[in-house]
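Accompanying notes for the structure given below.
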């Protein structure tokens, strides 16, 4: 069997990078180029996405609305003009990773373990600044191969605030308004970026509303989005520093995750109790929530770790 020009080029490129850490299967990538598109069966109706967000994500009215509208609209569009690109920002424990997991689970059977969902962690897969050129080549290879195998592939980039500046720009052609790039269409893929960058700006807005006696639910996307994108673009410690993805308006939504309050921690604890098969014990719920630390120091409004550690703290009370 003769290889097409694109496949041959991919094989040659693959040979030069096989020694590097590979977060996806190179075999799957090559198979996609050789056999064409594969359309796997979706796990379940996307209507369950709203139910999952309502029941499991707390204190994030903006994120819920944006994610629901963006994902519903994109999946139901038979001919999108570009990939769906979401950039999720906020402090640790506010729900960014959790939301990316929920999205994956509602689109593909197996969720994050699906062959069509690909997770990149900056400090794991791209640790050395001296290898940035190699990483760019790898990233393009991995994405091209997997989108060739499945047009609706999902790519999740975690720790964008720790990624080397300039690296993510390697995927700019895949996010742009092109019908085809080297014979491959990326218009049905989904790209999700997770970052702590910009969290300070999000907190400033939330704290201003709290100090003014306003409800956090009154915060609108317009109150945060522009300032958030500018903050991330100008943050030298962010993988988006002066990135063409922002400069060329290729990120569809900057999704702010607000810092969580005491009441939201209690919601997280109750859900965790239920998931373990325990009856809700409000005394334990309150004790675990009170063990968390809050900021600012004087006002103690927001949890500095969100819901991230409440689950392990429950182990103390249910240690068999």
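Residue numbering: from 1, along the chain as shown.
Any Cβ shown, glycine's included, is placed from N, Cα and C.
Here is what TrEMBL says about this protein:
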BINDING   90, 91, 92, 93, 94, 95, 96, 97  ATP binding site
DOMAIN    260-317  domain 'Torsin-1A C-terminal'
SIGNAL    1-20  signal peptide
Given the recorded ATP site (90, 91, 92, 93, 94, 95, 96, 97), which additional residues of the same chain have their Cβ within 8 Å of the Cβ centre, ordered by sequence?
98, 196, 257, 306, 308
Cβ-Cβ distance under 8 Å to residue 94 (ATP binding site), same chain, at least six residues away:
59, 60, 257, 258, 259, 260, 306, 307
Which of 90, 93, 95, all binding-site residues, has a Cβ with the fewest other Cβ atoms inside 10 Å:
93
Number of other Cβ atoms within 10 Å of the Cβ of residue 91 (ATP binding site) across all protein chains:
22
Around the C-beta of residue 96 (ATP binding site), how many further C-beta atoms are within 10 angstroms, looking at every protein chain?
25
To what whole number does the mean pLDDT across the domain 'Torsin-1A C-terminal' (260-317) round?
93
Far apart in sequence but close in space: which same-chain residues, 6 or more away, have a Cβ under 8 Å from residue 92 (ATP binding site)?
196, 305, 306, 308
